[in-house]
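Visitor: Dumping the structure here so I can ask a few things about it.
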Amino acid sequence: MACPLAPLDLKGVAVWRGLLAPEAQEALVAAVRGVAAEAPLLRPVTPWGKPMTVRMTSAGRVGWIVSGGRYRYATEHPETGRPWPAIPEPALAVWRAVSGWAGDPDSMLVNWYGEGARMGLHRDANENAYEAPVVSVSLGDPGLFRVGGPRREDATASLWLESGDVAVMGGAARLAYHGVDRIRFGTSRLLAGGGRLNLTFRVVSDV
Ligand SMILES: O=C(O)CCC(=O)C(=O)O
Ligand SMILES: [Fe+2]
């Protein structure tokens, strides 16, 4: 892994610009294709009945799903009924390099942004294990990442996350509101056909 001296600070979120070299990015994309082959991408529907624009799947002990109108972690893929695939080794390597956490994560969420996809402002608050950071890897097309504070109405700051960037939401920023306003579809050559992949790693207490 390339080693920038220090991360950039976006409202307490540490952003390691260009941490992943092109070969490391390719390896992650191949690993994610393997995960999606075993655990197909889903299009979750919010508890308010709106289908999300981002498609998702997971790897690890548990995966984030929407079921019965609520967000939760589950040990099986909701459509195949099978356990989630293991978190691939090249993905664990990123967590180990930047998380500062002794153990491995319980979950890797795969977010796939096609043309026009976005993610509204939210907090990652279903884990019940907030001492551990959330580590987020960006691959493919740039995404406009917005971060605020612990309250929805707090002022926000934005940054284009590019392929190979890694963001760490820990400490006071662990429960900050954040989202992705839009992507620059088709501007990266990492993913044939365009789009953005985001991988988020989390420690989750028993479900
Ligand atoms: O796509 C991103 O950069 C953010 C994803 C995110 O916030 C989430 O999965 O909770
Ligand atoms: Fe999030």
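Note that Cβ sites are derived from N, Cα and C of the backbone, with glycine treated the same way.
Remember, TrEMBL labels are computer predictions, not curated facts.
These numbers come from a predicted model, not from an experiment.
Sharing the feature lines straight out of TrEMBL:
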BINDING   His122, Asp124, His178  Fe cation binding site
DOMAIN    104-205  domain 'Fe2OG dioxygenase'
Visitor: Within the same chain, and leaving aside His122, Asp124, His178, name every residue whose CB is within 8 angstroms of the centroid of the CB atoms belonging to the recorded Fe cation site, in sequence order.
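Guide: Here the nearby residues are Leu121, Arg123, Ala125, Ala176, Tyr177, Gly179.
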Visitor: Tell me, what is the mean pLDDT of the domain 'Fe2OG dioxygenase' (104-205)?
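Guide: Mean pLDDT for the domain 'Fe2OG dioxygenase' (104-205): 97.
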Visitor: Counting all other Cβ atoms within 10 Å across every protein chain shown, which of the binding-site residues His122, Asp124, His178 scores highest?
Guide: His178
Visitor: So, by DSSP, how many helix, strand and coil residues make up the domain 'Fe2OG dioxygenase' (104-205)?
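Guide: Result for the domain 'Fe2OG dioxygenase' (104-205), in helix, strand, coil order: 5 helix, 45 strand, 52 coil.
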